[in-house]
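What TrEMBL annotates here:
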BINDING   Cys140, Cys143, His144  heme c binding site
SIGNAL    1-20  signal peptide
Amino acid sequence: MRKLIISTVIAATAATGAFAQSPSDVAKARRAYFTLVGFEMSTLGAMAQGKIDYDADVASQAAKDLAALTGYTMSDLFAPGTSNDDLPGETRAKADIWADMPGVQDKGMAFYQAVAELNGVAGNGLEALQPAVGKLGGTCKACHDDYRAKDF
Ligand code: HEC
């Protein structure tokens, strides 16, 4: 099974510290990544909540796009020196992330697995979609609760 590539590569990049981008660029890219995650999730969430009609193709596409995003190598998005302590007003990523990479990895794996499960059922009707979206939403919240500040 493919693994979500967060902590192993983070550890490696943290060790070398080799980045071409400025810390602000990293924070911008990280937020852009999560904007895409949120974009796909809002389609799925609205469907699961009955705010838009269930459509098997649209649900499957959104799930597939989330799967593509879980294949993205996130290590460079979590370059050291890019927490909200380092860049106040530019990011909500808490310094706790860099102090607890194994914890972040656990939350990331739960997210990855929920996306994989969602991909198995997204096209199988609203009743199948709803619990999978609920479970996925729980994994977003779990990581945000610990590692994302409420405000900038
Ligand atoms: C492994 C941890 C983790 C998981 C899992 C996770 N997020 Fe996040 N998310 C973050 C962090 C950290 C930030 C703050 C990024 C920043 O400000 O630099 C964030 C920021 C965001 C943002 C705001 C982006 C912006 O423009 O500032 C959205 C939207 C978002 N996440 C949606 C989601 C959704 C939806 C899910 C689940 C489908 C999810 N996230 C799963 C850690 C996570």
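Counting starts with 1 at the first residue shown.
Each residue, glycine too, has its Cβ placed from N, Cα and C.
Source: prediction; values computed, not measured.
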### Task
Could you tally the C-beta atoms, other than its own, that fall within 10 angstroms of the C-beta of Cys140 (heme c binding site)?
19
### Query
Using a Cβ-Cβ cut-off under 8 angstroms and a sequence gap of six or more, which residues of the chain neighbour His144 (heme c binding site)?
none
### Message
I'd like the number of other C-beta atoms within 10 A of the C-beta of Cys143 (heme c binding site), please.
### Response
17
### Beyond the site residues Cys140, Cys143, His144: chain residues whose C-beta lies within 8 Å of the centroid, for heme c
Lys107, Phe111, Thr139, Lys141, Ala142, Asp145, Tyr147, Arg148
